[in-house]
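Enquirer: Dumping what TrEMBL says about this protein:
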- His71, His73, His228, Asp304: Fe(3+) binding site (BINDING)
- His71, His73, His228, Asp304: Zn(2+) binding site (BINDING)
- Arg80, Tyr138, His165, Gln231, Ser309: 4-imidazolone-5-propanoate binding site (BINDING)
- Tyr138, Asn306, Gly308: N-formimidoyl-L-glutamate binding site (BINDING)
- 249-366: domain 'Amidohydrolase-related' (DOMAIN)
Amino acid sequence: MSTTLITNIGSLVTNDPAQGDGTPLGLIEDAALVLDGDTVAWTGPAASAPAADASFDAQGRAVIPGFVDSHSHLVFAGDRTAEFNARMSGRSYSAGGIRTTVAATRAATDAELEANLLRHLDEARRQGTTTFETKSGYGLTVADEARALRIASAHTEEVTYLGAHIVSPDYADDPAGYVDLVTGEMLAACAPYARWVDVFCEKGAFDGDQARAILTAGAAAGLIPRVHANQLSYGPGVQLAVELEAASADHCTHLTDADVDALAQAAGTTVATLLPGAEFSTRAQWPDARRLLDAGATVALSTDCNPGSSYTSSMPFCIALAVRDMGMTPDEALWAATAGGARALRRTDIGRLAPGARADLALLDAPSHVHLAYRPGVPLVSAVWQRGVRAA
Ligand code: NIG
Ligand code: FE
């Protein structure tokens, strides 16, 4: 295995509070890092770096852990430009738009779906994302959901079964029959490809009782729950996520004090994953990250990349929104987009840069990670290593 020394790093975010400045970011100034194959072998001050087989001069720029995008919907076809245009002329977002993408996705070939997935992954990687979760949910038949997950599972370990995105149009008059399908035959066909089970718990999608049945059946099949919760309105999603020890409650836009308390109590189990791209693209109120952080909840940031409510693959964009509009500091937002995402995926090998961690990192054309929010919209990610290999 050959080693590479990345030296002359202006500031290195390790997310290891035992290192550097002692904050959660474990920031080391004038740092170096050694990669050994696909793993981080050493981090510390450049002055005491060990020798390595090869070296790379960071020229004073910042290095951060690769982003962990723990929530996306990338197996789809078509786009929804017209719907976005209508929204920007005053129409409001509704879950019903999902049906447009379902029709396009069903009509696409496997090769088209995979090519579309890869195009978005490349786009995300160039912006520093080194791990992504993605979901089914635009097939809504046994065969179409299973093929979405099969295609996704060739490109990520973090695959989520979302047969319960909306009630399939084929079951418009029989929602209970659709829940039976999602918890029965469809689950059996999908579980082999997935790690997680998710449900859109919302008016117009699935209510609390349906969501509980779907998540419980998924858990019985070995999948770990995560929930689309409290996105468009107040509702039972967050409480259900906490009750079922879901890995994350995602969106968390409309929260009561009791919801915030529940997430704070469950900080070690259920991560509040905030998806500001969705509020941007639907002109909705921002999730209140400050309120969650002050209460003690664990917060992650993610793109929710999908053609309807949040068509961005850019974690830097989400960081900028979270800092500008959701009350997060640049440090908190960076942590949430890296270590927070790892927590939401129950991973300890990613989202941090310390010996033994996976060598997933991004080099920024900036002296520190703060520039991600300070210089919004500027493509600051100038190099990416994924499992120790230069990937962008
Ligand atoms: O996370 N909320 C449900 N699902 C997606 C939206 C999907 C769509 O509009 O196509 C979301 O925002
Ligand atoms: Fe989503």
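From the backbone N, Cα and C atoms, a Cβ is placed for every residue, glycine too.
How buried are the listed features, and what sits near them?
Expert: A 10 Å cutoff on Cβ-Cβ distances gives His73 (Fe(3+) binding site) a total of 27 other Cβ atoms nearby, all chains included.
Listed in sequence order, Asp198, Val199, Phe200, Cys201, Glu202, Ala205, Gly237, Asp250, His251 are the same-chain residues at least 6 apart in sequence whose CB falls under 8 Å from the CB of His228 (Fe(3+) binding site).
Annotation for Tyr138 (4-imidazolone-5-propanoate binding site): spatial neighbours His73, Val75, Phe76, Ala77, Ile98, Thr101, Val102, Ala104, Thr105, Asp144, Ala148, His165, criterion Cβ-Cβ under 8 Å with sequence separation of six or more.
There are 26 other Cβ atoms within 10 Å of the Cβ belonging to Gly308 (N-formimidoyl-L-glutamate binding site).
Taken as a whole, the domain 'Amidohydrolase-related' (249-366) shows an average pLDDT of 98 in this prediction.
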Enquirer: Looking at the binding-site residues Arg80, Asp304, Gly308, which have a C-beta within less than 6 Å of some atom in ligand 2?
Expert: Asp304
Enquirer: Out of His71, Arg80, Gln231, point to the one nearest Gly308 (N-formimidoyl-L-glutamate binding site) in space (Cα versus Cα); all of them are binding-site residues in the record.
Expert: Arg80
Enquirer: Less than 6 Å between Cβ and the nearest atom of ligand 1 is the rule; apply it to the binding-site residues Tyr138, His228, Asp304, Asn306, Gly308, Ser309.
Expert: His228, Asp304, Asn306, Gly308, Ser309
Enquirer: Do you know the DSSP helix, strand and coil residue counts for the domain 'Amidohydrolase-related' (249-366)?
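Expert: For the domain 'Amidohydrolase-related' (249-366), the helix, strand and coil counts are 49 helix, 18 strand, 51 coil.
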